[in-house]
Every structure is written in C-alpha cells, then in structure tokens.
Amino acid sequence: MKPLLLLVAVALGLATVVSVVSAGPEAIECWFVEDAGGGGLSKKPATLLLRHGPRGPPPRPDLDPKLYFKVDDPAGMLLAAFRRYPAGASAPHCEMSRFIPFPASAKWARSLSPEQNCPRALDGDWLLVSVSSTLFSLSSLLRPQPEPLREPVVITMATVVLTVLTHNPAPRVQLGKDAVLDLRFAYAPSALEGSPSLDAGPPPFGLEWRRQHRGKGHLLLAATPGLAGRMPPAQEKATAFAAWDDDEPWGPWTGNGTFWLPAVKPSQEGVYLATVHLPYLQGQVSLELTVHKAPRVSLTPAPVVWAAPGEAPPELLCLASHFFPAEGLEVKWELRGGPGGSSRKVEGKTWLSTIRHHSDGSVSQSGHLQLPPVTAKQHGVHYVCRVYHSSLPASGRSADVTLEVAGFSGPSIEDGIGLFLSAFLLLGLLKVLGWLAAYWTIPEVSKEKATAASLTIPRNSKKSQ
C-alpha cells in the first residue's frame with residue numbers, strides 16, 4: 001500500500017511542477033501612456049503582477065508604486081490567457097492608459113445607457129490595458145485602489161472589471177472559405193460599482209464588428225441582445241454569437257461574440273475591430289484577417305521535352321494558377337541529373353508574364369525559361385520549376401520535365417509494349433494471309449468436285465420425299 005501512496009504523491013508532485021512551469025509569466029511589463037501636452041505623449045514603465053510566491057509580491061523600487069499593480073481577476077479571463085502563454089514565446093506588447101466611463105456614441109447602442117451622465121458609482125480612476133501578441137489580443141478595464149498598499153511591499157491593487165479577448169488575432173483564411181473570428185468577453189462588477197439596477201443576472205450589452213481596409217471603416221454587424229430598438233442590417237451575410245454564457249444572478253459572467261463571415265473574398269481583407277459595449281464601459285480588440293490561396297503549378301511541355309544535340313529545346317512555361325495574394329510570387333529554375341548528378345541553377349533566359357485576374361479574385365502568372373543548345377551529356381536531365389509564395393510552405397511547390405536528346409534514347413517500357421503488340425498483330429496478319437494463299441492455290445478441279453459434292457442430294461432424301 002505504501003508504494004502506491006508514494007506513486008500517487010510523486011504524480012501529484014509532478015502535476016504541481018508541471019502546473020507551475022506552465023502557469024505563464026508572473027508579471028507583465030507595460031508602458032503607461034498619457035498626454036504630455038502640446039500634442040505629445042509620455043511613457044512610463046508599469047507592471048501587472050499576475051501571481052507571486054508564498055513570500056508575497058517582489059519589491060520593485062524602480063517603479064512608481066501607483067504603476068505597480070497586483071491584479072485581481074474575479075472572472076479569470078485575463079489570468080487564464082496568460083497561464084497558457086508559452087515560456088519560450090516573446091513577451092507580449094502591453095500598454096495602459098487612463099479610461100473615463102462614457103455612454104456609447106452609436107445610435108443603435110444608446111439604449112444601453114438611458115442616462116447621459118455616468119452614475120456616481122463609476123467615479124474614480126480607471127485603467128485601460130491593451131495586450132497584443134501572436135497568441136492572443138485582449139483589452140481590459142481595471143479599477144485600481146485609490147492608494148497603494150504599504151505592507152509587505154508597496155503595490156497598488158487593481159480589479160479587472162471587463163475583458164475582451166481573441167485567441168486568434170491574425171486569422172488566415174483560404175479564398176472562398178468561411179472566416180470565423182474568435183471573440184470572448186468577461187464582466188465582473190466591482191464592489192465599488194454598485195449597479196443602480198436591482199435586477200439579477202448579466203447586464204445588457206452591445207456587440208459591434210467593423211472592418212478597416214485601406215483607411216476606410218465599414219460597420220458589418222451590430223447587436224444588442226434582449227433590447228428593443230432598430231438595428232442596422234448586417235452586411236455581407238455576416239452573423240455573430242452575441243450572448244452571455246450563463247445567467248448567474250450576481251456574476252461574474254462570460255460571453256461569446258464570435259463573428260462568422262461566409263465565403264471570404266480578397267476585398268474582405270483588413271483589420272476587424274470588435275467592440276463590446278456595456279452601460280458606460282467599452283472594450284475593443286483588433287484582428288487582422290488575411291486571405292490566401294495556394295497556386296497550382298504545372299510545366300509545359302511535359303512530361304518529356306525533345307531536342308537534338310546542338311539545338312535548343314522548346315521554351316518551358318511554368319504556370320502558377322489561381323493563387324492569392326497577387327504579390328510575392330517567385331519562380332526559380334533548377335537542373336537535376338546529368339554530369340555531377342546534383343541539383344544546380346539552370347542556365348538560360350528567364351522572365352515572368354503579366355498577372356491574369358480571375359472572377360473569384362485569384363490570379364495566375366507564368367514563368368518562362370528559354371534554354372541554350374543541349375549536348376548529348378544532358379540526356380535524361382530534369383528541368384524543375386519551383387514556385388514560392390506566401391500561401392505555400394517554405395519549400396514551395398514544383399513541377400519538372402525530362403530532357404530526351406535525339407539519338408540517345410533507349411527503349412522504354414512503353415516502347416517494349418508497343419513492339420510486343422506490333423509483333424502480335426503482325427503474326428496474326430501473316431496467318432490470315434497464309435490461309436488465303438492456301439485457299440487460292442487449290443486446283444480448279446478440286447474446287448469443282450467440292451462444289452458438286454456439296455450440291456448432290458442423297459438417295460435417302462428422295463425416298464423420304
């Protein structure tokens with residue numbers, strides 16, 4: 001029994017070690033940005049302490065105590081995002097600034113804030129924290145305590161009230177496929193907030209998705225679930241999951257605002273802004289959607305190109321068809337086999353054609369190779385065109401043809417099959433000719449006897465008649 005208990009204890013210890021190792025960073029270094037006057041901005045170092053050891057928060061004498069924050073996250077969304085942050089990943093970019101609660105300015109969202117003046121419960125300091133990385137992007141509203149704690153370390157407590165989060169800040173979608181833009185949000189009213197309404201359950205909220213492309217903003221979808229009011233129609237057949245996950249009476253609450261865009265086109269590339277509106281509070285994240293489509297690669301003439309010694313083979317055309325984006329296509333030519341046997345750069349004149357556009361938004365482009373005269377030693381070499389594009393893996397995509405030099409080609413399998421069939425048909429033809437010759441060489445008398453014999457009626461037949 002003791003060995004079993006020992007194994008259980010070891011397993012629990014390993015699980016604890018793994019959880020500690022994978023718990024993400026202890027603190028996030030940020031920049032506190034504020035107006036410096038005269039149109040300029042000032043930046044000061046700040047830190048969000050996410051967790052600490054049993055000895056308490058580590059001292060940070062290099063920071064202003066009002067910019068050293070110990071984070072309390074009742075909903076847990078901000079802390080959960082950082083717990084999954086890999087240890088070897090580059091540090092996320094973090095900025096914070098002051099935030100002033102205000103009612104939503106959009107007409108469709110005015111029902112969220114019936115009073116234009118913010119409740120006194122929202123008075124005090126607010127911080128807007130924006131974190132961006134390759135793994136996630138989030139925006140959080142924090143409510144710091146008025147004064148820092150002095151013991152055991154000078155630090156300011158800050159409570160997370162609203163978090164808006166996406167786990168895929170840079171989605172890449174294949175041309176013609178559906179785009180699903182992830183969005184989650186969480187809300188935990190602080191004790192100081194004191195909701196003016198006594199109604200239990202999550203508060204009303206508004207969801208807004210906009211796209212910015214080439215400097216232009218475009219509202220795609222707006223929703224205020226459960227509230228009356230005229231909403232602008234959704235554009236481009238877009239839909240979204242706009243709902244709280246639960247209706248617990250006092251929170252905290254989490255919600256889903258994931259956006260769905262069917263059959264994306266190149267014109268739908270751009271930066272998408274997702275905004276969650278609560279009464280007098282807002283959180284926003286940005287996602288950059290890119291559209292791609294890998295090219296199909298073909299090489300002509302194929303699979304064999306012929307040339308006589310001292311003559312140039314026909315021009316080779318490497319076609320990269322129906323790809324997107326149009327920029328960044330690269331075609332490289334290689335020569336495999338022949339003297340040396342290794343792959344090397346091919347000699348000849350190369351160029352790219354102009355881009356051809358297709359109705360689905362994709363494009364095609366071809367690379368050309370004009371070869372110099374060949375020699376007998378080049379018989380059997382392979383000309384390879386390799387296409388590189390942002391939609392392809394780093395190794396690219398290739399097609400090849402084989403050079404056959406006239407007078408140096410040995411019989412192939414196809415040649416052997418053709419010879420066998422030819423011999424079989426020739427043998428059959430010879431037999432037929434032999435039969436015909438034998439028939440026509442029979443003497444005429446024998447033919448007449450054979451004919452008379454075939455016309456003689458037997459006597460037995462006459463009697464029967």
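Keep in mind that glycine also has a Cβ here, set from the backbone N, Cα and C atoms.
The shown structure was predicted, so the numbers you read here are calculated from the model rather than taken from an experiment.
Marked as signal peptide by Swiss-Prot on the basis of similarity to another entry: 1-23.
Among the features that Swiss-Prot reports, disulfide bond is placed at CYS30-CYS94 (among others). CYS94 (disulfide bond) counts 19 other C-beta atoms within 10 Å of its own C-beta, drawing on all protein chains shown.
The domain 'Ig-like C1-type' annotation in Swiss-Prot covers 295-402.
If you draw a 10 Å sphere around the CB of CYS385 (disulfide bond), it holds 28 other CB atoms from the protein chains shown. Secondary structure at CYS385 (disulfide bond), as computed by DSSP, is strand. For CYS318-CYS385 (among others), the entry in Swiss-Prot reads disulfide bond.
Here Swiss-Prot flags 417-437 as transmembrane segment.
Per Swiss-Prot, the feature topological domain 'Cytoplasmic' maps to 438-465. On the 0 to 100 pLDDT scale, the topological domain 'Cytoplasmic' (438-465) averages 51 in the predicted structure.
Residues near CYS318 (disulfide bond) in space but far in sequence (CB under 8 A, at least 6 apart, same chain), listed by position: VAL297, SER298, LEU299, VAL331, TRP333, SER366, GLY367, HIS368, LEU369, CYS385, VAL387, ALA399.
Around CYS30 (disulfide bond), the C-beta neighbours below 8 angstroms that are at least 6 residues distant in the chain are PRO45, ALA46, THR47, LEU48, CYS94, GLU95, MET96, VAL129.
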